[in-house]
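For H6, H8, E92, D203, the entry in TrEMBL reads divalent metal cation 1 binding site. Annotation comment: TrEMBL describes H128, H153 as divalent metal cation 2 binding site.
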Amino acid sequence: MIFDTHAHYDDEAFDGDRDELLRSLPEHGIEAAVNVGASMESTERTLKLTEEYPFLYGAVGVHPNETGSLTEGDMERLKEFCSRPKVVAVGEIGLDYYWDEPERDIQKKWFVRQLELAREVGLPVIIHSRDAAKDTLDIIKGARGEEIGGVIHCFSYGVEMAREYLDMGFFIGIGGVLTFNNGRKLKEVAAYAPLEQIVLETDCPYLSPVPNRGKRNSSLNLPYVVETLAQIKGVTKEEIEIQTCRNARRLYRLEER
Ligand code: NI
């Protein structure tokens, strides 16, 4: 069985067949998935989905590029959402200097604020970091991130940066990019990181693995990532599935619930 630690099934890309697709996941070997909020609106859609599907969990939070109009009132609402029974993380939160908006100081402010929220409510974090390696690490260290815990989703940096997060006990989120011809850097990270600290993710509808690159992604494509990771690690696909499921349950503290 496979655990998809990062999906966006509330995205409009799934409007045509969402229910049919979600219902089909368990029979295709998908044990569970975490739907991740990226704005206040998608966080609310996430909560609704987790109520409808027993195998879906939720993360509540606001993506760096969506922080422009956030208020303290939104933080109060997020805090209330964190007490819902199927909410397992605060995310996705972080810094994105690729799109670079709103201005960096605003992204940083709400990143720090949502890290504080995670500490307050005792949930792990899902970190989004793009072209912002140094600032992300500085902020997480400043917030004593090793006490909060979580996953660096869609990991896009090199081995040196991976070591920093692995040493703090974070998980590395790996998805379709692992199968790309230009995915050499991520393959190095996957080879370096202990299998006990790797989790699988789609970030669907984005980042479909080869051979479906460019098409709409879903958890059904994760076997391609499992296969590539098994080759890199020199273990069987079954071992990858068993260990990454175990990791995902540890990341989201599902056994403690
Ligand atoms: Ni995402």
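Keep in mind that glycine also has a Cβ here, set from the backbone N, Cα and C atoms.
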Across E92, D203, listed as binding-site residues, the smallest other-CB tally within 10 A is for D203
For D203 (divalent metal cation 1 binding site) and H153 (divalent metal cation 2 binding site), the CA-to-CA distance in whole Å is 9
Least crowded of the binding-site residues H8, H128, counting other Cβ atoms within 10 Å of each Cβ, is H8
One should report the C-alpha separation between H6 (divalent metal cation 1 binding site) and H153 (divalent metal cation 2 binding site), rounded to whole angstrom, as 8
Counting only residues outside H6, H8, E92, D203 in the same chain, those with C-beta within 8 angstroms of the divalent metal cation 1 site's C-beta centroid are A7, V36, A38, I126, H128, H153, C154, E201, T202, C204, Y206
The rounded CA-CA distance in Å from H128 (divalent metal cation 2 binding site) to E92 (divalent metal cation 1 binding site) is 6
Once DSSP output is merged into helix, strand and coil, D203 (divalent metal cation 1 binding site) belongs to coil
Cβ atoms other than its own within 10 Å of the Cβ of H6 (divalent metal cation 1 binding site), all chains, total 27
CB neighbours within 10 A of H153 (divalent metal cation 2 binding site), counting all protein chains shown, number 26
Cα of E92 (divalent metal cation 1 binding site) to Cα of H153 (divalent metal cation 2 binding site), in Å and rounded, measures 8
CA pair H8 (divalent metal cation 1 binding site) / H153 (divalent metal cation 2 binding site), Å rounded to integer, equals 13
